[in-house]
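Asks: This is the feature table in TrEMBL:
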{"type": "BINDING", "residues": "ARG39", "note": "pyridoxal 5'-phosphate binding site"}
{"type": "BINDING", "residues": "ARG61, SER62, GLN69, ARG277", "note": "substrate binding site"}
{"type": "BINDING", "residues": "ARG235, ARG362, LYS427", "note": "tRNA binding site"}
{"type": "MOD_RES", "residues": "LYS248", "note": "N6-(pyridoxal phosphate)lysine"}
Amino acid sequence: MKGKCPEDGWDESTIELFLHELAIMDSNNFLGNCGVGEREGRVASGLVARRHYRLIHGIGRSGDISAVQPKAAGSSLLNKLTNSVVLDIIKQAGVRTVTSCFVVPMATGMSLTLCFLTLRHKRPKAKYIIWPRIDQKSCFKSMITAGFEPVVIENVLEGDELRTDIEAVEAKVKTLGAENILCVHSTTSCFAPRVPDRLEELAIICANYDIPHIVNNAYGVQSSKCMHLIQQGARVGRIDAFVQSLDKNFMVPVGGAIIAGFNESFIQEISKMYPGRASASPSLDVLITLLSLGASGYKQLLKERKEMFSYLSSELKKLADIHNERLLDTPHNPISLAMSLKNLDENNDAAVTQLGSMLFTRQVSGARVVPRGSVQTVNNYTFKGFMSHANDYSCAYLNAASAIGIKKQDVDIFLKRLDKCLKASRKGKEKTVSRSSQTRGCSGIFSLVFLKVIDIHF
């Protein structure tokens with residue numbers, strides 16, 4: 001395999017054979033093994049052992065998540081192979097000059113925190129992180145958790161799009177002093193009408209003022225445009241690391257992320273900052289997935305996602321026109337779309353929020369309804385117009401995204417249900433929904449969970 005993702009996917013029996021061969025290299029699976037330490041890979045449940053393919057020791061050692069464990073050669077090899085295969089996929093997705101990466105068993109927010117904590121040792125005087133505003137709590141809290149003070153840079157409105165205020169960023173650098181700034185924390189993938197940050201311009205500022213640059217690329221691997229921005233930013237300026245989610249980009253369970261960069265020694269420093277060993281589950285999940293898909297299968301998914309984005313965009317625009325709304329013009333956002341809800345907003349403020357509830361009870365997940373004037377306090381910081389990435393965006397709107405794995409059927413059903421909900425909202429026919437109607441049509445398990453949530457809150 002030469003450390004690269006195979007062009008064509010493997011069948012499941014081949015993958016299972018490969019994993020069993022790795023597992024028998026771990027000491028806990030040796031015949032006649034005698035373990036007298038505090039951690040010997042013992043598992044009480046056979047079901048748990050089978051779930052993990054008997055790869056029980058995890059990855060890394062107490063001082064380095066990327067280090068080899070002598071008594072877990074198979075798990076260590078799994079870790080090395082996963083990092084190598086993922087690096088190959090990142091290159092094929094568009095960041096050709098990336099030199100190093102590793103899978104970390106934490107989601108994007110905590111992985112960003114790990115990056116900030118690593119930079120703390122390099123810049124002991126620094127206390128600020130410059131952050132072009134994006135209304136998403138985990139990336140904001142990642143800075144707070146690391147012990148730094150976010151300096152929020154408000155976006156500028158260009159047409160319908162919310163874009164990076166480059167002049168404000170540079171002015172803030174001069175005001176605070178470069179030595180007092182830990183890094184610039186930028187974003188690629190985001191909800192429209194916000195669009196990816198101007199990475200090239202930010203990277204040039206970071207290079208000119210010798211300030212580190214960390215990019216939140218949460219679900220950007222699936223977008224050639226987001227990956228191109230990172231590649232270009234690294235080419236013309238400075239990008240120290242970029243962080244992406246495993247579940248959002250590779251369709252695996254939540255719980256892992258990839259930290260990647262262009263300086264191998266810095267990425268190794270981040271991996272050494274992780275305290276203790278770590279779960280191998282995220283690495284195992286993404287390796288199985290990529291071996292199953294192959295490079296050609298993954299690239300096909302990326303192609304289909306892009307096609308579905310165009311389809312969703314055209315069909316949502318048609319629906320918006322029918323309801324006297326409009327699809328906001330956000331050409332720089334390659335994943336997320338936004339449709340205005342001006343009529344609902346003008347007629348009844350509560351109707352905007354009600355629309356979100358109506359969609360959810362009709363099993364439309366992921367659609368995001370954003371009313372005007374919402375105020376949210378996060379760790380003692382108050383955001384006006386929260387969720388809209390601006391203090392006072394011009395209209396309420398609804399978000400929908402074309403993410404990896406989406407099918408034409410998803411788009412068609414969503415548009416049909418959205419159409420019905422918009423009609424019902426305008427006619428004022430949607431009243432308070434009883435418990436029975438809220439769960440009608442849902443699976444039994446969904447119904448029980450939904451009722452439990454209602455019981456907790458009401």
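Glycine is treated like the rest: Cβ placed from N, Cα and C.
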Asks: Starting from the Cβ centroid of ARG61, SER62, GLN69, ARG277, the recorded substrate site, name every other residue in that chain with its Cβ within 8 Å, sequence order please.
Replies: GLY58, GLY60, GLY63, ASP64, ALA67, GLY276
Asks: Which one is it: of the binding-site residues ARG39, ARG362, which Cβ has the fewest other Cβ atoms within 10 Å in this structure?
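Replies: So among ARG39, ARG362, the binding-site residues given, the one with the fewest Cβ atoms within 10 Å is ARG39.
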Asks: Pick from SER62, GLN69: which of these binding-site residues has the biggest number of other Cβ atoms within 10 Å of its Cβ?
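Replies: Max Cβ neighbours within 10 Å, all protein chains included: GLN69.
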Asks: My understanding is the cutoff is Cβ-Cβ under 8 Å with a sequence separation of 6 or more in the same chain; which residues meet that for ARG235 (tRNA binding site)?
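Replies: When sequence neighbours closer than 6 are ignored, ARG235 (tRNA binding site) has THR97 within Cβ distance under 8 Å.
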Asks: If you measure LYS427 (tRNA binding site) to ARG39 (pyridoxal 5'-phosphate binding site) at Cα, how many Å is it?
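Replies: On Cα coordinates alone, these residues lie 64 Å apart.
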Asks: Compute the C-alpha separation of ARG39 (pyridoxal 5'-phosphate binding site) from ARG277 (substrate binding site), stating it in Å without decimals.
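Replies: The separation of the Cα atoms works out to 11 Å.
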Asks: Could you state the whole-number distance in Å separating the C-alpha atoms of ARG362 (tRNA binding site) and GLN69 (substrate binding site)?
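Replies: Per the Cα atoms, ARG362 (tRNA binding site) and GLN69 (substrate binding site) stand 49 Å apart.
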Asks: Output, ordered by sequence, the same-chain residues six or more apart from ARG61 (substrate binding site) with a CB under 8 Å from its CB, or 'none'.
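Replies: Correct list: ALA67, VAL68, GLN69, ARG277.
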Asks: Measure from the Cβ of ARG277 (substrate binding site) and count the other Cβ atoms within 10 Å, all protein chains considered.
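Replies: Neighbour count, Cβ to Cβ under the 10 Å cut-off: 21.
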Asks: Widest Cα span across the tRNA binders ARG235, ARG362, LYS427, in Å?
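Replies: Pairwise Cα check on ARG235, ARG362, LYS427 gives a maximum of 54 Å.
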Asks: Which one of these recorded positions, LYS248, LYS427, has the sparsest Cβ neighbourhood, judged by other Cβ atoms within 10 angstroms?
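Replies: Sparsest of the recorded positions LYS248, LYS427 by Cβ contacts within 10 Å: LYS427.
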Asks: With substrate as the bound species and ARG61, SER62, GLN69, ARG277 as its recorded binding residues, calculate the greatest Cα-Cα distance and give it in Å as a whole number.
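Replies: The substrate-binding residues span at most 10 Å between Cα atoms.
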